[in-house]
């Protein structure tokens, strides 16, 4: 699969490492979101490793409440990731549109996100950036976690120690590990972020006044001195659940699916129905509009120096140029880096993988049937022999 297999429809977003557009696969007519990252910019910002880690993590995952990877490929300019298309917009967009999320809706979000965090935990993954911006809605209103570019893998009792994520949603132990080289942190940081996100969805603002520029020592002091205020209009069960998610000590925090399922507030939840998306969300995005900022499309068409829709012409033109630029030492170094990216890039095709799995399962099923038929024939033969022997004995008597 390559760039030519897709028709580019429109730009819908901008991530930390690249841009996102809606595409249609020409042969199947299926719609996807395509994230593309300029190789040179990634090299200059030292972000290639993050892209590779995101690809490595995403190709091993598939879950109803994740944004799943379908294809990854590259060309001379960009690295591409083709993922599930979710047109309901992210929760940050809806907060900015002053959408009021009621308790029932947020309760379902907590359940769906808990199932996806439990799934990630089984694969030893800490997402490290759970926030409204990274939670997308599908057309029916179900949530999906996206953006694994700061996710990390921990095995066994290993802990993470680097400061990664978005400050207002980061757990106290992440800052503590950075400040004094503490014991590090693990999966509970994602459950703290879930608590902050749920609080923000219900109230319209976060429980702590933390911003990207807030100094870390000030943040730690805030956690020590300030108490979280819960709205008196919220039910006691929701408040109790949020308090347990926002417990500062990770050892005492709700941080597993079992913990969440044992919460009295969620005692009435049919978890199988939640997993099957059989529970109707309280908020359904407007299907008559594209739930994203329309300026993304204008930026791509007018301000982008290398717009995606002109890629074919641009690459053809570049191939026809001579290699004079490569004599500059800077260009030589860049070319070496680009070559390394080209060699190490992870190519992925879930469609092909599924086809191979189906063929393998089919072959296994055929082998099983053939083995069963062979066994039945052998058994029939034995039975015939037994019948024959019985007849002989009967005649001779």
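Placement of Cβ uses the backbone N, Cα and C atoms for every residue, glycine included.
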Check your understanding: What range among 330-357, 358-385 does TrEMBL describe as region 'Disordered'?
Key -> 358-385
Revision key, fill the gap. Cβ contacts within 10 Å for residue 35 (ATP binding site), all chains included, total 26
Point to revise | Counts by DSSP class (helix H/G/I, strand E/B, coil) across the compositional bias 'Low complexity' (358-371) | key: 14 helix, 0 strand, 0 coil
